[in-house]
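Student: Marked as domain 'Cytochrome oxidase subunit I profile' by TrEMBL: A:29-592. The transmembrane segment annotation in TrEMBL covers A:46-66, A:106-125, A:145-171, A:191-211, A:232-257, A:290-310, A:322-343, A:355-373, A:394-414, A:426-452, A:464-483, A:512-534.
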Amino acid sequence: MSDTLHIQHGVASHGHSGEPHVHHHKETFISKYIFSMDHKMIAKQFLVTGIIWAIIGGLFSVLFRLQLGFPDQSFPILETFFGRWAEGGKIKPEFYYALTTMHGTVLIFFVLTAGLSGTFANLLIPLQVGARDMASPFMNMLSYWMFFAASIVMLSSLFTQTGPAAGGWTVYPPLSALGLASQGSKSGMDLWIIAMTLFVASQLLGGLNYISTILNMRTKGMSMTRLPLTIWALLFTAILGVLSFPVLLSGLVLLMFDRHLGTSFYLSDIFVAGQALPNEGGSAILYQHLFWFLGHPEVYIIIMPTMGLASEILAINSRKPIFGYMAMIASLMAICVLAFLVWAHHMFVTGMNPFLGSVFVLLTLLIAIPSAIKVFNWITTIWRGNIRFTPGMLFAIGFVSIFISGGLTGIFLGNSTIDIHLHDTMFVIAHFHIVMGVSAFFGMFAGIYHWFPKMFGRYMNNTLGYIHFWVTIVCAYLIFWPMHYQGFAGMPRRYLDKSSWVSFGQFHSLDAMITVVTIIVFAVQLMFVFNYFYSMYKGRRVRTQNPWDATTLEWTTPIHPGHGNWDGEIPEVHRWAYDYGKDGRDFIPQTEPVGENESSH
Amino acid sequence: MNTSIVSEQQHRKLHPHKFALWVAIASILMMFAGLTSAFIVKSNQAGWRTFVLPGIFWVSTVLILASSLTMLMAIKAFKSRGMRQYRGLLGITFLLGAAFVICQVIGFNQLWNSNVQFKGASGAGQFFYAIAGLHAVHVIGGVIALLVIFLKSIAGKTKSYDAVPVEVMGMYWHFVDLLWLYLMIFFIILG
C-alpha cells in the first residue's frame, strides 16, 4: 500500500495541483472552515458544536444536582453568576425546572442527535461507502447551519427575562400551552418551539442526504451487504429521523396554535388563577401521542449510531470478523420497525385502555430480542479475540456493558403493571440515563477516539483517554445505580426538594454522594475536551495511512484527505468489511480482489 | 465537484436528487399523516364541531389539477427541446399555483366569516386551518421554486438541457397536488 501513500502538509489543499480533477475551486478561509460543503468539515462543525452544547447541558445537571444533593445548603457563588435565579445562593424552583428541562433538551437533541449522527454520518458515510461527498453537499451545509440557527435560538432563550422553557423536555400541554401557567411557559417556550422547528428542518435535510448517499452513491463493488455496520446503523437512524421528526413538527404546530391563536387542540376546561379559560374539547393526551411518536424513535436515533460505531471498533480491535453480520443488520431493521410501534409505553398511566396497553407491552418487550442478539454478537466478536485495548476499544466495551445494565431495567418498565409503580420515579431516570444517555456517550467517545486520526491526522492522548474511561465508567455506575433503589422506594423524579417526606430521609447522604460524583465526572469530561482540542494541534502525528490496520475504505484515503477524499480514482470494493484473521492474514482491505484459492465470504 | 457527483455506473440508477425528493415526500407525508390521524382521534370525542367546506375550495382543486397537467406538458416540451413552449407552460403552471394559493386564502376568509374561528371549542374547522394552511405553505414553496426556474430559463446565461432539475420540480409539484386531493377527500368525508 505504501506506493499510494500521500503525506500532505497541513490541511490546506495545495500540493494537489497535479491532480486538477480533485479540486475545481480554490478554497478560502470562509469556504473551507465556515460555509464548507466538505462533509468532513461539516462533521467537525457538528462535533465541536455538540461538544459546546454537552458542556452547557452537563453543567446544568451539576447545578441541579447541587440542589438535590444539598437542599439545605446555600452556595453564594451561584448568586454571583445567576443573580435573581439563585437568590441567597439557593436555586429557585423556576430555575430548577428550567435547568432540568434544558438539560434534557440539550443533551437529547443537540448533543446525542445532532452532535452524534451529525458528526459520524457526515464523516463516515462518504468515506466508507466510497463517495466523493454527500448526494447534495449544499443541503448538507444547510443542515449544519439550520442546526446552528436552532442552537442560537435555544441559547438565547436562556437569557430571556422569564427564562427558558421549563415544563420538562417533553413540554406537555396544558402547562406548555399557557403562558399564564408558569414563568417557563412564556417567551422561553416560544423560543424552544422555534429552535426545535429549525432543528427538525436540520435533521430532515441531513437525513435525506444520508439515505440517498448510502443508497445511491456507493462505489463500484460496494453492495449493500459489503457495507460496514456503521453505515447500516446510520441508514436506519436516518430513516427513523426522516419519518418521525415531521410528526413532532405537526404536534408543535398545533401547540403554537393553542399558545397564540386561542385554538383548543390540547386544552379543555382549564382554570388558571381562578379564571375559567374558554377552551373546550381539547385533549392533552393527543399531544402525548404526537410527541411520543417521535419521542420513542428518538431514543433509537440516539442509540443506533453508537451500535454501529461499537460494532466496527470491537471487530477492528479484536482482530476478528464481526460475529453474525446479517443478524446485526436484521436486528437493526427489527429495532427500526419496532421503534414506531411502542410509543404508547410512555403513556401507560394516562388512562389508556389496559387491553391496548398490553399490546404495547408485548411490542415493547419484543425489542429485547434484537437488542439481545446485538449484545450476544458483540460479546462473541471479542470472545477469544486478539484484543487491543485502545481508548476507543475500552469505550466500545464499556458501551456494551452499560447497554446491558440499562437494557435490563427496560424490561421492568416495559411491563405496564410494574410501570404503574415505577412511573415518574428515579428508577425511570436511572433506566434511560444508563441505556441511552451514558451508553450513547460511551459509543460516541469510542467513535471520537477511534476516528480522531482520520479527522485531524493526529492521535488523542492515550493516558488521558484511559483516565477518562475508567473514571467515567465508575462514576456512571455510582451515579445511576443508587437511583434504582430510590425509584423502588417511590422517590419521584423532577421534585425540587424531598426533605419534607420522612421516608426519603434515608437517601440524604446517598443524594449528596451522587452530587459529589457528578462534579468529579463533569471535571473528567472537561479533561476529555482539553485532550480533544490539545490533540487537534499538538497530538502525536499519524504516520501511516491505516493506523488501526482496518479494512474499510476511509483508511485508503490520504492522511489529510482533500475535498473529494481520494486523489485518484475511487477505489473499487471486492469483499465485505470484516476480513480479519482470514487465511493466516491479519486483515485484508476491502479493496483487495478475492484471490483464486480464497474462500469468498 | 458537480461532474464527479454522478459517476458512470450511477447513471443507470435513480438520480440522487430525485431519490432525496422521494424521501422528503415520505417525510412530509408523515407530518400530514400525523395531523390527519390527530383529527380522527379527536373527532371521536365529545363536543366535536363539524363545518361545511366553502365552494371555492372546488375552484382551487380544479386550479391545482390543471397546474399539474401544464407541469407535465412543460417537462415533455423541455425533453423535446421545445424551449419556448416549455417557458410558456412553466409560466402558466406558476400562475395557476399562485391562483391556487389566493383561492385558499379567500376560502379561509369565507370560512372564518361563517363563524368557524379559533377561539373556544375545538372542532374540524380548527384542524382545517392548520392542515390546509400547512399544505398552502408547501405550495408556496413550490410556487417560489417555479418562479426561480422560470426566471432562470428566461435570463440564464448558460443553456442547460439537463432534465433532472425540471423533473425534480415536477415531482414535487405533482406531490403537493395529490396531497391536496387527499386532504380534500379527507375533509369531505370526515369534516
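In case you wondered, yes, glycine gets a Cβ from its N, Cα and C as well.
Bear in mind that TrEMBL entries carry predicted annotations, made automatically and left uncurated.
Map the listed features onto the structure and describe their local environment.
Tutor: Long-range Cβ contacts of the transmembrane segment (A:145-171) within its own chain (Cβ-Cβ under 8 Å, at least 6 residues beyond either end) map to 35, 45-46, 49, 53, 56, 85, 94-95, 97-98, 100-106, 108, 110, 114, 118, 182-189, 191-199, 201-202, 205, 255, 288, 291, 295, 494.
Beyond the ends of the transmembrane segment (A:191-211), by six or more residues, the same chain brings 105, 109-110, 113-114, 117-118, 121-122, 125, 134-136, 139-140, 142-144, 146-147, 149-151, 153-154, 156-157, 160, 164-165, 171, 234-235, 237-239, 241-242, 245-246, 248-249, 252, 255-256, 259 to within a C-beta distance below 8 angstroms of the stretch.
For the transmembrane segment (A:232-257), the residues of the chain that approach it from at least six positions outside its boundaries are 113, 117, 120-121, 124-125, 171, 173, 176-177, 190, 193, 196-197, 200, 203-204, 206-208, 210-211, 214-215, 263, 265-266, 287, 290-291, 293-295, 297-298, 300-301, 304-305, 307-309, 311, 328-329, 332-333, 335-336, 339-340, judged by C-beta separation under 8 angstroms.
Same-chain residues lying 6 or more positions outside the transmembrane segment (A:290-310) and placing a CB less than 8 Å from one of its CB atoms are 108, 112-113, 116-117, 120-121, 170-172, 228-234, 236-237, 240-241, 243-245, 247-248, 250-251, 254, 332, 335-336, 339-340, 342-347, 374, 378, 396, 399-400, 403, 432, 435-436, 439-440, 442-444, 446-447, 450.
Counting only same-chain residues 6+ beyond the ends of the transmembrane segment (A:355-373), those with a CB under 8 A from a CB of the stretch are 324, 327-328, 330-332, 334-335, 338-339, 341-342, 344-345, 348, 403, 407, 410-411, 414-416.
Non-local neighbours of the transmembrane segment (A:394-414) in the same chain are 303, 306, 309-310, 313-314, 317, 345, 361, 364-365, 367-368, 371, 375, 378-379, 382, 422, 427-428, 430-436, 438-439, 442-443, 445-446, 449-450, 465-466, 469, 472-473, 476-477, 484; each lies 6+ residues outside the stretch with a CB under 8 Å from one of its CB atoms.
For the transmembrane segment (A:512-534), the list of distant contacts is 51, 54-55, 58-59, 61-62, 65-66, 68-70, 445, 448, 452, 460-461, 464-465, 467-468, 471-472, 475-476, 478-479, 482-483: same-chain residues at least six beyond its ends, Cβ to Cβ under 8 Å.
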Student: Give me the stretch from A:106-125, A:322-343, A:426-452, A:464-483 with the greatest number of Cβ pairs under 8 Å to the transmembrane segment (A:46-66).
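Tutor: By Cβ pairs under 8 Å, A:106-125 leads among A:106-125, A:322-343, A:426-452, A:464-483.
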Student: Tell me, what is the mean pLDDT of the domain 'Cytochrome oxidase subunit I profile' (A:29-592)?
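Tutor: PLDDT averaged over the stretch: 94.
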